[in-house]
Every structure is written in structure tokens, then in C-alpha cells.
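Notes for the one structure printed next.
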Amino acid sequence: MRAIISVALFLSLSLLSAVNAAEILSAGDTDDVIPDSYIVVMRDGLSTDAFNSHTTQISGFRNEDRNVKASLKKTFDLNGLKGYSGTFDEATIRQIANDPAVKYIEHDRIANARGLVEQQDAGWNLARISHKKTGARTYVYDKSAGAGISVCLVDTGVDVDNPDLGGRATWGANFVDNDDSDGNGHGTFLASLIAGQKHGVAKKAKIIAVKVLDANGSGSYSNVISGIDWCVKYAKEHGISERMVVNLSLGGGYSQAVNQAAENAVLAGMFVSAAVGGSNRDARNDSPASARGVCAIAASTMDDKAALFSNYGSIVAVYAPGQNIMAAGRMGSVTLSGTSFAAGHASGVGAYLLALEKITGDRVCTRIKELAIPVIRNSPSNTTRLLLYNGSGR
């Protein structure tokens, strides 16, 4: 009862002081803003007792209403700077701003004290996703580079000894045969693109190979379902569901069962990236890209156009490079095209953001869309113009 009275009193005072509400400083360039995270600075001279009372009331918001997003993370009391940081929804941050004890509020951001890495010998695709404008020749990324994140690669298998993977690839499961190898090369190429030392987006992420397609690059939907299910169970058993990416650079006609399997991975807390397909048709007719919560990725070209082969439609989250992409093959580097590789870029950026921003899997696709740049010039009228961007600030 005391907590209810305390919160009610705080809200009443907030409403009375709305005229003198603290300023919520503009975020400006939002590339490095941490979603729903704020730094709250208190007015000069506020007593320790008043500060403690305020933070106690803030902590009580969540206890009284589970729908309220309010989580106080850190407090600080430096010489002339007293305040705290936390995660708050829009309504709550407005209530906090209305407290006369608050001086100003600003968005929390990613600090780059660790520095950015600039890869000089990068392919056009890596350069493109780390720069807002075309023509760059380097890949710019934070050196966290997906560290601590695993990518469950549901595909043709992976040559785990490929030098570009730097020993960070392991076998997970095989639903095709008794041969733990990649007889096609598709999976190895994707592993290199997602996490390779030279060709990769998230250069410190781990790859887990789940084989559901044979040496011809084909397999049953039942294999695909088994592969996704294995990823979900493995992540749960190892406590890494929110640090797991599932890459689905495969698919075909609509399947409710395949979509449900992909949706289960999303509900388990994972970020799932899926290729929309390369039949130049509406992607809502394909699975698993049409599954709810899955990040459906279309393919773009070097000149920021939608690839002519790429599927399209309202389910597309973003475009990503998918034409003339170089990565590791079975016999050295090869160049390939397809929406499979667009999805691989998104999986890499997903792993990168999970490591860098410490966000949850269900936030990754939204964050990818927030960072993306609207530059695709010829996308169909019912399809986004957004192009994948890692938020490097370049």
C-alpha cells in the first residue's frame, strides 16, 4: 500500500509541475542511440535523501504496473553531477521529466572509446553496409565484432576448417546424411560472409553448422523444421537464446509448418534472418521469410538498386547486398549472387548489434530498420527502400 501511495504522490507532483518540466534533449543523429535508454540528471543542490526518494519511486513504477517499461540501471553522484540511467518507455520518461527534482534528460548512447576498426581490403558489400554513401572502399566496424554471439547456420553444412573462419565454426547437427561436410559450398560461403576474418560482417561471432540441405543444395521442409528446432533446443540448453542468431538462407513455397518453426525461434528470443527468395515475386508466398517476427531480407546491387531476381513486398524488412558477393568457397574465394547472401549480411549485422548494443533478439530487426538508410532507387511501390547499415557513423 505504501508503494502505491508513493507512486501516486510522485505522479501528482509530476502533473502539477508539467509547466516546469525538465528538458528532454534532442537525440540528433540517432545512429549511436541505445533504444529506450536515458540518462536523467538531477537539479543542482538536490539532497541525498531527496535523490534516494526519487529513485525509489522510479523503481516502484514497474512493481505497480507490469506493462510499464521502467528499469533503473545505474546511479551516479559526482561533483556537481547527480543522476541515474535506465530503460524507460515514452510515457514514463515524460512523467520523470515532470518531477521538479530533474534538471534534464538525454538519450543514452554507444561510446566508441574502444575505437573503430577499418578494414582496407574489404569487398564492396562490406564497405556499403558501413557507409551511408556509395563509393567507399573500407569496412568500418566496432571491434566487438559480434564477440560472444553464435549464429546457427541452417544450410548445406560448413567446412569448419576453412581458414577464413578462424576456428570459430563447429558442427551442430546433420539431418541429411552421415557426412559432416559441406558438399555444396553454399553454407561455407555464408559462414565466411557472416563471420569470416576477411569476408565477414561479424568477425568474432561463432558459427554452428546445422545441415539440412544436400550437396545439390536441396532438402525437405521436414529437414528444415528439424534444423530450426535443433537450434532452439540447443540455445535453450546452453542458456544462449538471446545471444543466438538463426540464418535461414533457404526456402520455397508457403508452408505453415516451416513458418511456425521459424516463429518458435523468434519466440524463444532469437534473431532470425531469412532470405526472401530469388523468383522476382511477392515474398509473402514464400517460407520461411513470411513467418511472423522473422527479418525478411531482399537483395540489392552495387549501385543501390533492387536486384532484378529478388523477391519483394510488404514483408521485406530491408535490402542488403546480394549481387557479386565474394566470400570463401570450397576451393578458395568465390563470387556469388542471391538473396541468400543478403540474408547473410543481415545475420552478421544482427550478431554485431547483439554484441555491441546488448539488445535482445526480439529488438534486432527493429534496430536494423532504425539504422537502415532509404536509398534503394527502384524498389516496388509496396516494398521498403531501406538498405542495411551497421551504424558506424561513416
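Residue numbers in this text run from 1 along the chain shown.
Any Cβ shown, glycine's included, is placed from N, Cα and C.
The signal peptide annotation in Swiss-Prot covers 1-21.
On the 0 to 100 pLDDT scale, the domain 'Inhibitor I9' (37-110) averages 85 in this prediction. Per Swiss-Prot, the feature domain 'Inhibitor I9' maps to 37-110.
Look at Swiss-Prot and you will find 123-394 tagged as domain 'Peptidase S8', backed by sequence analysis.
For Asp155 (active site, charge relay system), the same-chain residues lying six or more positions away in sequence with a CB closer than 8 A to its CB are His186, Gly187, Leu190, Ala209, Val210, Lys211, Val212, Leu213, Asn247, Ser249, Leu250. Per Swiss-Prot, active site, charge relay system is recorded for Asp155 (among others).
According to Swiss-Prot, the feature active site, charge relay system maps to His186 (among others), an assignment based on sequence analysis.
Residue environment of Asn216 (N-linked glycosylation site) contains 9 other Cβ atoms, counted within 10 Å of its Cβ in all protein chains. DSSP assigns Asn216 (N-linked glycosylation site) to coil in the three-state reduction, placing it in neither a helix nor a strand. What Swiss-Prot records for Asn216 (among others) is N-linked glycosylation site, and it gives sequence analysis as the kind of evidence.
For Asn247 (N-linked glycosylation site), the Cβ neighbour count at a 10 Å cut-off comes to 31, with all displayed protein chains included. Residues annotated as N-linked glycosylation site in Swiss-Prot, with sequence analysis given as evidence: Asn247 (among others).
Summarising the annotation, Swiss-Prot assigns active site, charge relay system to Ser340 (among others) and lists sequence analysis as the type of evidence. The Cβ of Ser340 (active site, charge relay system) has 28 neighbouring Cβ atoms from other residues within 10 Å, across all protein chains displayed. Ser340 (active site, charge relay system) falls within a helix when secondary structure is assigned with DSSP.
Annotated N-linked glycosylation site per Swiss-Prot: Asn382 (among others), in sequence order. According to DSSP, Asn382 (N-linked glycosylation site) is assigned to coil rather than to any helix or strand.
A coil conformation is recorded for Asn390 (N-linked glycosylation site) in the three-state DSSP classification, outside any helix or strand. Spatially close to Asn390 (N-linked glycosylation site) yet at least six residues away along the chain are Ile129, Ser130, Val140, Tyr141, Val201, Val349, Tyr352, Leu353, Leu371, judged by Cβ distances under 8 angstroms. Annotated N-linked glycosylation site per Swiss-Prot: Asn390 (among others), in sequence order, evidence recorded as sequence analysis.
Recorded residues Asn382 (N-linked glycosylation site) and Ser340 (active site, charge relay system) have their alpha carbons 21 Å apart, per Cα-Cα distance. In the three-state DSSP scheme, Asn247 (N-linked glycosylation site) falls into the strand class.
On a Cα basis, Ser340 (active site, charge relay system) lies 15 Å away from Asn216 (N-linked glycosylation site).
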